[in-house]
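All remarks here apply to the structure that follows.
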Amino acid sequence: MAERRRHRKRIQEVGEPFKEEKAVAKYLRFNCPTKSTNMMGHRVDYFIASKAVDCLLDSKWAKAKKGEEALFTTRESVVDYCNRLLKKQFFHRALKVMKMKPDKDTKKEKEKGKAESGKEEEKKSKKESSKDEKTKKEKEKKKDGEKEECKKDETPGTPKKKETKRKFKLEPHEDQVFLDGNEVYVWIYDPVHFKTFAMGLVLVIAVIAATLFPLWPAEMRVGVYYLSVGAGCFVASILLLAVARCILFLIIWLITGGRHHFWFLPNLTADVGFIDSFRPLYTHEYKGPKADLKKEEKSESKKQQKYDSEEKSDSEKKEEEDGKTEATRNSGTEGSGGERHSDTDSDRREDDRSQHSSGNGNDFEMITKEELEQQTDEGDCEEDEDEDTESRPSHEKS
């Protein structure tokens, strides 16, 4: 009983909110960025204090009107006004409590981290040993190796863990004060948005109009009848299209033995918008056996081989032509070389004869009688041959 009396006294002291306060709270409710979470088993919306202050400083109440001062001039004035809203129970302060993981999961994560760090250290030791061997053989690359080691030392040894959002829950805060910062405040004030109000009003009017259909004029009833028939035909045509596309797919699939998958309007029954359900017009996929693919690959490889052989034959022809031109050039050089050799041979023979003649002149005194007789006999034989040659043409003339 005492607590209820205290609560009533607080309400009386605070009083009911004014129109201006309701307008500010409504603006803040629909324009300040909010998030939803669970609190005490209920789904609630919450906002952050600093974002609420920024939102109100950008509002129309932060601009001075003619003959009136601006309601919000500084961040402190916004904080004071939000304290008033908090006291009038538009929202209340909450405490963000992070959910702790069980001990088993933490132990497993630590063990995994240790195992990964041990493997990385082993890999690093192997890499360092290989680097030391290379540095001994190649002294010039020591500077590059030191730079790479410095870069590796700068990077952390363990791999970066994936950033995961930590789960938390909200609990009511003991100190109900509005503070500018990252403090969390849960909304209590939940007014009806104008859009939801308008949609509900239109729905109610439509239901009332449908119930009063017999009282409509004849022209309106005929028009509504044709509209309903058109809508029914449209829905029926979509259903028929869905069935027809399945039948077409089955026919093509059976004829081709399951190799061709053809879909007409593939997104017709998909969870997409009205326009996207008619895009694309069709899709086609080939899912044939591997043998056909191998045959195609073989045919392509044969074509490539033929093309390569033709290129090789062309290159060989070019090489033969180049070889012929080189042979003709070499033959010309060899002919000139042969003439030179013949000239040198004739010169050598003349030199030998001159030497022989000079030798005979020098060794004249040393010739024996037998050699003189042989020379005289040879001279006689030569004279006889000359006479025979002279006598032969005379006989021929006679």
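Glycine residues also receive a Cβ, built from the backbone N, Cα and C atoms like all the rest.
Feature annotation from Swiss-Prot assigns topological domain 'Cytoplasmic' to 1-196, 256-398. The region 'Disordered' annotation in Swiss-Prot covers 101-167, 289-398. The compositional bias 'Basic and acidic residues' annotation in Swiss-Prot covers 101-155, 289-327, 337-355. The transmembrane segment annotation in Swiss-Prot covers 197-217, 235-255. What Swiss-Prot lists as topological domain 'Lumenal' is 218-234. Residues or ranges marked as compositional bias 'Acidic residues' by Swiss-Prot: 373-389.
Tertiary proximity for the topological domain 'Lumenal' (218-234), restricted to same-chain residues at least six positions away from its ends with a CB under 8 Å from its CB atoms, involves no residues. Mean pLDDT for the topological domain 'Cytoplasmic' (256-398) in the predicted structure: 64. Helix, strand and coil content of the topological domain 'Lumenal' (218-234), in residues and according to DSSP, is 17 helix, 0 strand, 0 coil.
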